[in-house]
């Protein structure tokens, strides 16, 4: 049934001649078209009105590169290749027809969608002052991504002009009569989560192609002026479809124009392993699933099982810092680093338990537990739009603020340590369940803690905007997290309200008990033999068990 809409679209393409070699277009109307490698499709627009001075023609495919050109034989300066490409046609006087040529680089047929958008003489021309890329006028947005961030860049625009006139100079000055008065609004649009189909992209990219629809549907992230470079960084969201576009505005003529939108999933469809459909590694799933099991137990029983709670928090605390350390100073692979992090976390957890057993310092243990909760709280604060404020681009400002918010938690609860421990075990324990869910389906809630980790590990992540989608899937998972946290905290508060705040110091209890047994002769435990003697007696008992029984009969000498 999932193939039915796709088949209907293909049938519509064939009926309209999209695969026959000629594609008749209308200005401002999208058309789906099937492209192949051998037979170029000729796209034609006729009857262009005289007040139109520029036409931007663009074509979009999901994952296969297409070639768009002015001629049947493409050249570097007259064509573009990619999944989202466009060309600007500067119309001559009396010109009413425009023609472009399309083909794919893949041997099989590629579904794409095309549109031509007209602009008038006062509208700015996207990419009209291109000095970096191959096309003379380049309306395209160039996108690169890594597992950490996404980088988009584009050529500056120029002022609009009438047909047949010479274009305004790009470098004649920086006054209000030059292209330096133009502003650039960068927009972001999220595709539905966990949706990788071609048809979804084709339907949604239409919302990000024209100025009015971009303003209505996109999220305005920032505005660039003549003092800014025309490149922007965003946080990478592997597996989540995102569309970016730029609207260039002329504040004097009150006109605007849109660049060619570009999309990415920040992953590869072609890779056999770790592709867009299977993003999480097996090691990640095992690690966070095991952590979630322990976290779920801690969520409901953390304060009752105090040593388990200490181990859980010590595991998180030491594992986080160890992962940051080995990532910064070594070049080990991800799986090796994750295994070593698990080992370090176990050692750290046992160390925290052992230190409490020996020294009995509840305050030290609770300070570490409070830091873990404070880190999650501070990460949540910067997960909001507050994190994208320009002032926090500075690493010093960001980390000082982040640390202050994190330290605020243990300081505020210093007088009620039991409440702090119950809150930490309930909230942090339930969040590990969310991290485990994120290994199997996409959820933006995983980036609450992933974004600070990225900023620690990458020196240039401070320039990236960290906006994420928050859709139906995220609201459901947020409800699960809230329900687990509230249930865990409530259950523990009700169960522990009549108990002592914390268990007694185990080492002092053991010493006190040993001294009592050694001095109180009336205590039955005082007469317990030493361990060595008890082991010897046990071995004798086992030896007697295997000896043969003596024959029955009288064993005393007969009396005469």
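Placement of Cβ uses the backbone N, Cα and C atoms for every residue, glycine included.
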According to TrEMBL, transmembrane segment applies to one of these ranges: 456-474, 475-493, 494-512. Which one is it?
475-493
From the ranges 247-267, 310-330, grab the one TrEMBL calls transmembrane segment.
310-330
Examine the ranges 336-357, 534-555 and name the one recorded by TrEMBL as transmembrane segment.
336-357
Out of 310-330, 336-357, 427-450, what stretch is closest in contact terms to the transmembrane segment (286-303), meaning most Cβ pairs under 8 angstroms?
427-450
Spatial neighbours of the transmembrane segment (310-330) far in sequence, C-beta under 8 Å, 6+ residues away:
291, 294-295, 298, 302, 337-338, 340-342, 344-353, 356, 365, 368-369, 371-372, 375, 424-425, 428-429, 453, 456-457
Taking 336-357, 364-384, 396-420 as candidates, which has the most Cβ pairs under 8 Å with the transmembrane segment (427-450)?
364-384
Over the domain 'TM7S3/TM198-like' (289-493), work out the mean pLDDT and round it to an integer.
92
